[in-house]
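Novice: Attaching a single structure in structure tokens format; questions to follow.
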Amino acid sequence: MTNIVVSYILNPLIYMVPVLLAVAFLTLIERKVLGYMQLRKGPNIVGPYGLLQPIADGVKLFIKEPIRPSTSSPSLFVLPVLALTLALTLWAPMPMPFPVADLNLSILFVLALSSLAVYSILGSGWASNSKYALVGALRAVAQTISYEVSLGLILLSVIIFSGGFTLQTFSTTQEATWLALPAWPLAAMWYISTLEETNRAPFDLTEGESELVSGFNVEYAGGPFALFFLAEYANILLMNTLSAVLFLGSSYSTTMPEFTSLTLMTKAALLSMVFLWVRASYPRFRYDQLMHLVWKNFLPLTLALVIWHLSLSTACAGLPPHA
């Protein structure tokens, strides 16, 4: 009985609570960073240096009454819960250094669940019965499906490097050097694709304020809106943690496993800061530019690199490092 409680209740809670706390403070960091980049202060009233601002925002949103438009679909309108559930489930196979769910095909698990997140966006846009929400949802589906093709091919290339589908093997592969150095074109395309996958600027066409009011979540208020918000930021942290594992090596130490967690989270935090920097620096892409980037640039490049990495091992009679 104790094992069941630890495995199925305590372990998931132990990783969910820090993720939700990190999400809360990522929103604060984003507002502060954007503030200083625009030569203003950002939140600095609630608590010392504005540190209690995310708590105040959370309390304010969750005590508001969740309003549902009379013309909306009541069953599909609860999809923000699915968005957050998927965002938190994705953290299960992350090697920090020991995963909550030790899966043999953890990369495929992450790819499959990140694809499912589109359904929560599409369903909420459809359920709102608003043309702005529907257009935002359709944009999200089109761009996510487009970029997942290149994401899958980039993952295939790094799997060829490491010789395994488990995320722990990447620590072994990168003991000598980070994969971001020999495979820097892959790392650059992966990072840009994760920006798009999380609907961040300059690819935030799903919630283009100047065109679609607020995008797919325009009819949501209070708690359900906060759940979408939490899911978006949990996905940002997850994608950056995954980028750190795949390309920046999580430097596993058998004597000090907590050192692995510390270095991994530091790398993920730095990559998240670059997300904020990009948001402050670049204007939004036009929709046709977004599609041209993936279908005319990323797809041919990633296909060429997959063929190149496959042919290299055959030509040099080499095998993945630990095979």
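For all residues, glycine too, the Cβ spot is worked out from N, Cα and C.
Annotated transmembrane segment per Swiss-Prot: 9-29, 76-96, 107-127, 145-165, 175-195, 227-247, 258-278, 298-318, in sequence order.
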Novice: Is the transmembrane segment (145-165) packed against any residues at least 6 beyond its ends, judged by a Cβ distance under 8 Å, and which are they?
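Specialist: Hits for the transmembrane segment (145-165): 104-108, 111, 114-115, 118, 172-173, 179, 183, 186, 189-190, 193-194, 196-197, 246-247, 290-291, 294-295, 298-299, 302-303, 305-306, 309-310, 313, 319-323.
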Novice: When you check the transmembrane segment (227-247) against the transmembrane segment (298-318), do you get at least 3 Cβ pairs under 8 Å, counting only pairs 6 or more apart in sequence?
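Specialist: No, the stretches stay apart by this measure.
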Novice: Quick one: do the transmembrane segment (298-318) and the transmembrane segment (76-96) reach 3+ CB pairs under 8 Å, ignoring pairs fewer than 6 apart in sequence?
Specialist: no
Novice: Which one of these stretches, 76-96, 107-127, 175-195, 258-278, has the most C-beta pairs shorter than 8 Å to the transmembrane segment (9-29)?
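Specialist: Top-ranked stretch among 76-96, 107-127, 175-195, 258-278: 76-96.
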Novice: Excluding the flanking five residues on each side, which residues at least 6 beyond the ends of the transmembrane segment (258-278) place their CB within less than 8 Å of a CB in that stretch?
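Specialist: For the transmembrane segment (258-278), the nonlocal Cβ contacts are 26, 29-30, 33-34, 37, 95-97, 171, 191, 195, 198, 200-202, 236-237, 240-241, 243-245, 248, 250-252.
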